[in-house]
Amino acid sequence: MEYTNLTIAIILGVFGFAGLVKGVVGLGLPPIVLGLLTAIIGIHPAMALVALPAFITNIVQAISGQYWRTLWQTQRLFFFFATISVALGCLLTQFIEQAYMSLLLGVLLICHGSLGILKFKPHIRVSWQPRAGMLLGVCNGVFTGLTGSSAVPGVFYLQAIGLPKEKLIQAMGILFTCSSLGLSIGLIWQGVLTPTTSALSVVALLPATICMYLGAKLRKRISVALFQRVFYSALTLLGAYVIVKNSALIV
C-alpha cells in the first residue's frame, strides 16, 4: 500500500511511543504498534511494519544480560515451538478474513491488559514445564502468525515458571526475537513484507530505538508499577477499540 506523509508521521510517532514503553516495562512495542496501526492501516500492513523493528529491538533485550545461555538450555522446547508454529499461523491467514484476525488481536490485547491489571501470576511446576512449554509455545506461535502479537500466552508462561525480574525481561527478549524472526519469514513468503514496507520499517527503527533507550533511563526515575497499570489499562481499552471497529466491518 502507499503511505501519505501524514500516515508516515503517525507511524513514526507510534513506534517512538511504543519504544518508550518497551524501555520502561520490557515489552509493549508489538502490541501497541499493532493495536494503533491496525485501526489506521489494517492488520496485514501493521504486522509487516512491526516485524523488523520488533526483531532488532528484541535482539538488544535478549543479549542484554547474562542469562541467555541458561534460558535457552532450560526453555529451548518452548522457544523452539513458539518459533516454528508461527508458520502455521501464517498459513491460516490464507483462509481467515482480516477482520476476524483483527478481532483476535483485540481479544489478545484485552487478555494481556486485563491479566496484567489483575497481576495474574500462575505457577507451573518444574515437572510440567516441558509439556506446558511445548503446548503454550505452539499457541503463542499460531497467535503470532495470525495477529503479529507474541505476548499471549508466552509472557504468562515465562512468569509462571518463576523467573526473577531481570531473567524474565531477557527471556521475553528471546521469545520476541524468535517470534518476530518467524513472523518476518512468514510475511515475506506471503508477499506482505515488501521492499517499500521494509524501508519504512528501517526508518521506524530510529524513533523506536531512541525512545527505548530513553525509556530504560526513565525506568530508574518513575514508579514502574504505576506505569505498568497505566500501560495495561491502555492496552485493554485499545483491544476493546479494535474489536468494536472490526465488529462493525463484519456486520
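Cβ atoms here come from the backbone N, Cα and C positions, even for glycine.
The transmembrane segment annotation in TrEMBL covers 6-25 (among others).
Taken from TrEMBL, the feature transmembrane segment applies to 32-56 (among others). Same-chain residues lying 6+ beyond the ends of the transmembrane segment (32-56) with a Cβ under 8 Å from its Cβ atoms: 1, 3, 7, 10-11, 14-15, 17-18, 21, 93, 98, 101-102, 105-106, 109, 147-150, 176-177, 180-181, 183-184, 187, 192-194, 197-198, 200-202, 204-205, 208-209, 235, 238-239, 241-242, 245.
Packing against the transmembrane segment (76-96) from elsewhere in the chain are residues 44, 130, 133-134, 136-147, 150, 154, 157, 174-175, 178-179, 181-183, 185-187, 189-190: each is 6 or more residues past its ends and has a CB under 8 Å from a CB in it. Look at TrEMBL and you will find 76-96 (among others) tagged as transmembrane segment.
Among the features that TrEMBL reports, transmembrane segment is placed at 103-120 (among others).
Counting residues 6+ beyond its ends, the transmembrane segment (132-156) has Cβ neighbours under 8 Å at 27, 30-31, 34, 43, 46-47, 50-51, 54, 75, 77-93, 96, 101-102, 104-105, 108-109, 111-112, 115, 120, 122, 124, 172, 175-176, 179-180, 182-183, 186 in the same chain. Feature annotation from TrEMBL assigns transmembrane segment to 132-156 (among others).
Residues or ranges marked as transmembrane segment in TrEMBL: 168-189 (among others). Only residues 6 or more beyond the boundaries of the transmembrane segment (168-189), in the same chain, are considered here, and those with a CB under 8 A from a CB of the stretch are 26-27, 30, 47-48, 50-52, 54-55, 58-65, 67-68, 71-72, 75, 78-79, 82-84, 86-87, 89-90, 140-141, 144-145, 148, 150, 154-155, 158-159.
Here the transmembrane segment (226-244) has Cβ contacts under 8 Å with residues 21, 24-25, 28, 31-32, 35-36, 38-39, 102-103, 105-114, 116-117 of the same chain, all six or more residues outside its ends. The annotation transmembrane segment is assigned in TrEMBL to 226-244 (among others).
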